[in-house]
Amino acid sequence: MNPLNPSSDGIKENLLTLLAQKAYRFGDFSLASGKKSSHYVNCKPVSLSGPGLLSISSLFLKQINESDSGVAGLTLGADPLVSGVVILAAQSGIDLNGLIVRKEAKGHGTGAWLEGPLPPKGSVITVLEDVVTTGGSSLKAVEQLRNQGYLVKQVLAIVDREEGGLDAISKADLELNSLFFLKEIVERANSLQ
């Protein structure tokens, strides 16, 4: 089997196990949203590993519309996701631009919010996200992209914690598509103990 073309179901199952083993923790945590939780998911140990990023990128690429000109996300969590999808797209003969959205405007030079090859205004960009809780990070990226004249219709996330992110993203006239819900990762982690 070609490692770039295994079945989506097999990729997803393997990725779920990786997330349960390397990204999920149980305890007392403060989330970026300010909420407290006993479940914590840090996708970076998976998205910054070769097998993890290849799996995520493959699954994301299958959900990107042919009319999209690029993918983007808020630094730092989306940096490997954007890079992985763009590389895999290029290997598949698909021309996608990768954009990184800064958390604040660059303090020197052009003062840019966006880094990367900027497609023409009006281009459709899909936002990539590691974990969606309230949707705040995704919406910050969407806001900056829309302010620059891009159309954003969809957010792709590795994990949806199901804590209001879907509602917030839907209210911004966006679709949220997640590879997993937090409960799936918790169930897999519990089954591996």
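Using the three backbone atoms N, Cα and C, a Cβ is placed for every residue, glycine included.
What Swiss-Prot records for ARG102, LYS103, LYS106, HIS108, GLU129, ASP130, VAL131, VAL132, THR133, THR134, GLY135, GLY136, SER137 is 5-phospho-alpha-D-ribose 1-diphosphate binding site, and it gives sequence analysis as the kind of evidence. For THR133 (5-phospho-alpha-D-ribose 1-diphosphate binding site), the Cβ neighbour count at a 10 Å cut-off comes to 23, with all displayed protein chains included. THR133 (5-phospho-alpha-D-ribose 1-diphosphate binding site) falls outside any helix or strand according to DSSP and counts as coil.
Taken from Swiss-Prot, the feature orotate binding site covers THR133, ARG161, and the record attributes it to sequence analysis. All chains included, 24 other C-beta atoms sit within 10 angstroms of the C-beta of ARG161 (orotate binding site).
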Rounded Cα separation (Å) that holds between SER137 (5-phospho-alpha-D-ribose 1-diphosphate binding site) and ARG161 (orotate binding site): 13
Spatial separation of THR133 (5-phospho-alpha-D-ribose 1-diphosphate binding site) from ARG161 (orotate binding site) - C-alpha basis, Å: 5
Out of the binding-site residues ARG102, LYS106, the residue with the smallest number of other Cβ atoms within 10 Å is LYS106
